[in-house]
Amino acid sequence: YRICFNFLHFLHINFLLFPPFLFFILSQFTMSRKVVRSSKFRHVFGQAVKADQCYDDIRISQMTWDSNFCSVNPKFVAMIVDASGGGAFMVLPLSKTGRIDMSYPTVCGHTGPVLDIEFCPHNDNIIASGSEDCSVMIWEIPEGGLTSPLTDPVVKLEGHSKRVGILSWHPTAHNVLMSAGCDNVVILWNVARGDAVVRIDTVHTDLIYSACWNRDGSWILTSCKDKTLRVLDPRKGTVLYEKEKPHEGSRPVRAVFVSDGKILSTGFSRMSERQVALWDPKNFGEALTLQELDTSSGVLLPFFDPDTGVVYLCGKGDSSIRYFEVTDEAPYVHYLSMYSSKESQKGMGYMPKRGLEVNKCEIARFYKLHERKCEPIVMTVPRKSDLFQEDLYPDTVGPEPSAEADEWFEGKEAPPNLISLKDGFVATTKAKEFKVHKSLLKTTTASVQSLRKEVKDLKEALEELTTRVKELESKH
């Protein structure tokens, strides 16, 4: 009774003090709640598939070049492999999981190691490869995969004087391919004609680390060893915007376009700490945000998903994949989570959105290269419902191009053609056929010799006519 009486007396005396005290407690609680940002991607988790769904016994290339070494689409997965006497890469149907036989056929037409490969976004059977032999080759993979080694490309593109380490297909224009080589040159090809239509050879003063397109292919973004990010007009080959020293360190910089034309770059600080930064190219003075991550030495390869605004950072030699959400709110690049495993990655392939399983809320899938195998990693948003989640899958870029190569080079704008994934991706039309203008590409030795003979005959006829005219003039 006495304890209760004393407590009530205490409340009576201190009643006026309680409201401010309670208000302070509630305000602190509210502030702490605001620290946790609400996002539907905050609980995204990565998970490796079961062992029998991996691709085993593959001799992944030992080259130290910083490219993905892997390319995937809804039909095939391609990986650069070790090969004696030249360069090769392996193309497997997605369903061919398990142990891969040592004698499985490869694409092996290059005379030097292959450095980069990329599937065409408009035809799942077409893949481009760049090599140390200074050439770019275009290959057509038969339906169902290879049954014998593929040595003859559909088209061979020659124009670089040093090894070709970067390839990127135009996202919306058919048969337009960008290549960048160690000769500091960027070339835009009309693949069907075998022509180097645009050659950007006076802009970069040193080795090009990365080159990519924006969403509609109207700009090109490059990062270079001269510590400069450049936004280029692809048709004119001119510099629109540039930023010197986006990262203070001397290690390689990678950069990609993200939402609203902004640029996300990964690099190193002066103290060799890995960094990620976001830039507005129209105001390149200061970074919108610059975050330090860790002190690892591997180059961070960024993969951006424009549908969700999530960017995935995969470090060469790392055993983890970090992912961030890019928004309009400061600090703009928000850390979400990290997928970790025991084994380090030698390369990484990124599946286009139309190749994902939407009924399982899968928002990304990576193909991680180990020493001797390729392991798919699935990124999923946990949802209780089995119904189609419209907020996770807005209309995405489809395989149908918006323009042909000739139209695009002449100046046609080509915004992406979007498709719905509500019922999963089903090809409504046949894949865009790859047509080669053989009259331009395959000029035989015999035809060249006949042309030379014709020119020689014409010269002789012209000389005879000139002599005849002079004789007639002298008579009159």
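Backbone N, Cα and C atoms are what each Cβ position is placed from, and that goes for glycine too.
Per TrEMBL, the feature coiled coil maps to 441-475. According to TrEMBL, the feature domain 'DUF1899' maps to 34-98. Annotation source TrEMBL lists repeat 'WD' at 107-149, 157-199. TrEMBL lists 7-29 with the feature transmembrane segment.
For the repeat 'WD' (157-199), the residues of the chain that approach it from at least six positions outside its boundaries are 65, 67, 112, 115-122, 128-138, 205-208, 210-213, 215-217, 220, 222, 224, 232, 234-235, 237, 397, 401-409, 414-417, 432, 434-437, 440-441, judged by C-beta separation under 8 angstroms. Residues of the same chain lying 6 or more positions beyond the ends of the repeat 'WD' (107-149) and with a Cβ under 8 Å from any Cβ of it are 61, 63, 65, 67-76, 78, 80, 83, 86-93, 96, 155-158, 160-169, 171, 174, 177, 179, 181, 189, 191, 352, 397, 399-401, 431-434. Mean model confidence of the repeat 'WD' (157-199) amounts to 95 (pLDDT, 0 to 100 scale). In the repeat 'WD' (157-199), the DSSP tally of helix, strand and coil residues is 0 helix, 26 strand, 17 coil.
Applying DSSP to the domain 'DUF1899' (34-98) sorts its residues as follows: 5 helix, 24 strand, 36 coil.
Mapped onto DSSP helix, strand and coil, the repeat 'WD' (107-149) counts 0 helix, 22 strand, 21 coil.
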